[in-house]
Amino acid sequence: MKYRDLRDFISQLEQLGELKRITVPVDPKLEMTEICDRTLRAGGPALLFENPVGFGTPVLGNLFGTERRVALGMGRDSVAELRELGELLAFLKEPEPPKGFRDAWEKLPVFRKVLSMSPKVSSSGPCQEKVLEGDEVDLYKLPIQTCWPDDAGPLVTWPLVITRGPNKERQNLGIYRQQLIGRNKLIMRWLSHRGGALDFQEWQQQHPGEPFPVSVALGADPATILGAVTPVPDTLSEYAFAGLLRGSKTELVKCIGNDLQVPASAEFVLEGFLYPGDMADEGPFGDHTGYYNEVERFPVFTVERITHRRNPIYHSTYTGRPPDEPAVLGVAMNEIFVPILKKQFPEIVDFYLPPEGCSYRMAVVTMKKQYPGHAKRVMMGVWSFLRQFMYTKFVIVCDDDVNARDWKDVIWAMTTRMDPARDTVMIENTPIDYLDFASPVAGLGSKMGMDATNKWAGETTREWGRAIAMDPAVKTRVDEMWSSLGIDTPE
């Protein structure tokens, strides 16, 4: 599905029956979370709350609440088509030299398409139709959700944060939640290894004492939002990747108060600075783990200007115990991750992030085992190859006769092919999500790899069991006679 911006995407979702307009007044404080949570768990539509209590701006929720809508947001009609997108990213991440003239000719359209999707910079855009500065800046006028009863306050949950480090041409795009603490102040919660935080650190080193410019787009088009959470090769900008998804160049506009470029069609843009030493306690907030997180200090984002479209729409979400939108995104992203992993490890058959595992904390891998110890190599590869899996605590590796997406299969393999002492790998003092309160130290914890593959000579001295399977000829005969047996079985 191709679309121009968030509004066009909303319109097309409505035509497909994938969006519901809610005209009943609903409070952004808690009520929207409960409604979106029930809707997501039922596989329901995106929701456009047209009458948020106390506000005149509609709120869009549950946009990526199903795998299909994630695929539609990426310009595809089904989740299965995301596998092709992963193959493209795998190729761009590590392009192979052409094997000859014919191969070079066949690859030329791919490179031409990528080069043709460089973003287009315009002199003006819809996101700057209205400009608020000085005392007009009041974030309390936005219908920012308070998601859970013990949250510290309203939380901006889908901010596309745009930064640029010193001496860098490429901008960084990231999704970092922001707590509202004043009419023009938000807390920028980013982890130290994230692109935005690294840009800020480099800025402080090269420009000590100077404020760091930041812009935040709210309500960007889905391709740009999803591009910010996809493993895009370092040689490809998120804006160019968004153009590939959307099928048209990403249109950007320069901010009024800094040199950063933001999506021209965004509903809102916040422009401002991080001032050195200006920090605040963030949290607690209910998170994707299903728990409230600890209070930690993060930089304060001072908003000096708000620009927005006429009659803007505020895009929001909540995070909570899975399933939530991050968990749904994780499942859909599986299809993108598989080809990228297979490019480096061709023996991998499938890769799965169970939604119950809080988006990324557990991974199941199936593989064609080729030698003793092979499963352990794949474990290490998952942890090290893509930074998206830096925080994955548990990796289960199974043979290719196991369905990675079926817990019954996985548990069977674990309980019949594993010895806990021999087949468990424990690694201490590794990077862990700061939100993981189970780790002994914030940001530092252990990882566990589980080898649930059949064991080869060298891994065991015992005779290994052979899996039971019925004779195919017998199965065929029983299939043919089944209807005459009169045995009623549930569908």
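For all residues, glycine too, the Cβ spot is worked out from N, Cα and C.
Feature annotations, courtesy of Swiss-Prot:
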{"type": "ACT_SITE", "residues": "Asp287", "note": "active site, proton donor"}
{"type": "BINDING", "residues": "Asn172, Glu238", "note": "Mn(2+) binding site"}
{"type": "BINDING", "residues": "Ile175, Tyr176, Arg177, Arg189, Trp190, Leu191, Arg194, Gly195", "note": "prenylated FMN binding site"}
If you count Cβ atoms within 10 Å of the Cβ of Trp190 (prenylated FMN binding site), leaving out that atom itself, what do you get? 21
Recorded positions compared (Glu238, Asp287) - the one with the fewest other Cβ atoms within 10 Å: Asp287
So Asn172 (Mn(2+) binding site), by the Cβ count within 10 Å over all chains shown, scores 19
Closest by Cα to the residue listed as 'active site, proton donor', out of the binding-site residues Tyr176, Arg177, Glu238, is Arg177
If you compare CA-to-CA distances from Asn172 (Mn(2+) binding site) to each of the binding-site residues Arg189, Leu191, Arg194, Gly195, which comes out shortest? Gly195
Close in space but at least six residues away in sequence, with Cβ under 8 Å from that of Tyr176 (prenylated FMN binding site), the same-chain residues are Pro159, Val161, Met188, Arg189, Trp190, Arg194, Gly196
Fewest-neighbour residue among binding-site residues, criterion Cβ within 10 Å, set Arg177, Arg189, Arg194: Arg194
Among Ile175, Tyr176, Arg177, Arg189, Trp190, Leu191, Arg194, Gly195, listed as contacts of prenylated FMN, what is the widest Cα spread in Å, to the nearest whole number? 14
Cα-to-Cα gap, Ile175 (prenylated FMN binding site) vs Glu238 (Mn(2+) binding site), nearest whole Å: 12
Can you tell which of the binding-site residues Arg177, Leu191, Gly195 lies nearest to Glu238 (Mn(2+) binding site) in space, using Cα positions? Gly195
Extra residues within 8 Å (Cβ to Cβ centroid of Ile175, Tyr176, Arg177, Arg189, Trp190, Leu191, Arg194, Gly195), prenylated FMN: Val161, Gly174, Met188, Gly196, Ala197
Using a 10 Å radius around its CB, how many other CB atoms surround Gly195 (prenylated FMN binding site)? 20
